[in-house]
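Here the structure comes first, spelled out in structure tokens, and everything after it is commentary.
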Amino acid sequence: MSTYTIPVGPLHVALEEPMYFRIEVDGEKVVSVDITAGHVHRGIEYLATKRNIYQNIVLTERVCSLCSNSHPQTYCMALESITGMVVPPRAQYLRVIADETKRVASHMFNVAILAHIVGFDSLFMHVMEAREIMQDTKEAVFGNRMDIAAMAIGGVKYDLDKDGRDYFIGQLDKLEPTLRDEIIPLYQTNPSIVDRTRGIGVLSAADCVDYGLMGPVARGSGHAYDVRKQAPYAVYDRLDFEMALGEHGDVWSRAMVRWQEALTSIGLIRQCLRDMPDGPTKAGPVPPIPAGEAVAKTEAPRGELIYYLKTNGTDRPERLKWRVPTYMNWDALNVMMAGARISDIPLIVNSIDPCISCTER
């Protein structure tokens, strides 16, 4: 067998963020993949130890734009565990609304990029146009289109009055039928999508367990793990929703899981807007921070996000560390790419929705 090596990245038109792949190929088939990280390392975990507990909310929001609610929420949960603060019920519902709003926008961005990679740019623009409904909603409700700045220690920074609820529901009423009746059927049946994604980048459920995969990548292979179900936080244990699961473990299944989850997220937001009780949106003043340790986890758009926080009795953490889904998922690219065509590499990489800024932190 005569093989040769193709370098892809760190700057490449098919990559959303800098990654370097050293890909060994035999003809048009991929034999092995070596991934090199470190191109956007920013030392954020170290920076967190030089900032106080309030400044770190802003810092964690900037770990990743698409997960900019998950990071500060998980950080706040860890800090609340150490201080013993109890988040008011209304604030818990508002946290879920912010969480699911970001999930819809994140998933839509990923599947839009899929359409762009296969050359279906009219579909890409259609998805991005529909995504603007959520972007406009974020700007109107939270004041920002990307880093929505919704989280506070012991609660949230925003609230929804009747007009705000009505506006939110109106936006969902515009988005949901567009996804359900116009966009998702194209991903399910259009040959431009189906022929390029079915049977590509296959992962078995056993592979998911072996590699510790999570998020839509694992659920696309039928591996039923979702923090919102297995270890519910906020008010997810009071909400009615089904976990989205795929059957084939390929690029297409992962895209379909993201579409199903987008619709599920819309349903969760509706439930929260309907059931949210009256009351405060934040607990009382933050008490003095005792020395202690805590671990918190949430279901970010890409999968399980874990934060470890160690405090020493001051207002600055002694250690703040997070483990993101991409860190676990990208090793499985070796399995997904083995035997794949060179032209399928961008599709396979995009299917794990890699967030390099999260991972290299």
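Including glycine, each Cβ sits where the backbone N, Cα and C put it.
Counting only same-chain residues at least 6 apart in sequence, those with a Cβ under 8 Å from the Cβ of C355 (Ni(2+) binding site) are E17, C64, L66, C67, R302, V324, P325, T326. The Ni(2+) binding site annotation in Swiss-Prot covers C64, C67, C355, C358.
Spatially close to C358 (Ni(2+) binding site) yet at least six residues away along the chain are V63, C64, C67, H71, R302, V324, P325, T326, Y327, judged by Cβ distances under 8 angstroms. Within 8 A of the CB centroid of the Ni(2+) site residues C64, C67, C355, C358, the other residues of that chain are V63, S65, L66, S70, H71, A300, R302, V324, T326, S357, T359.
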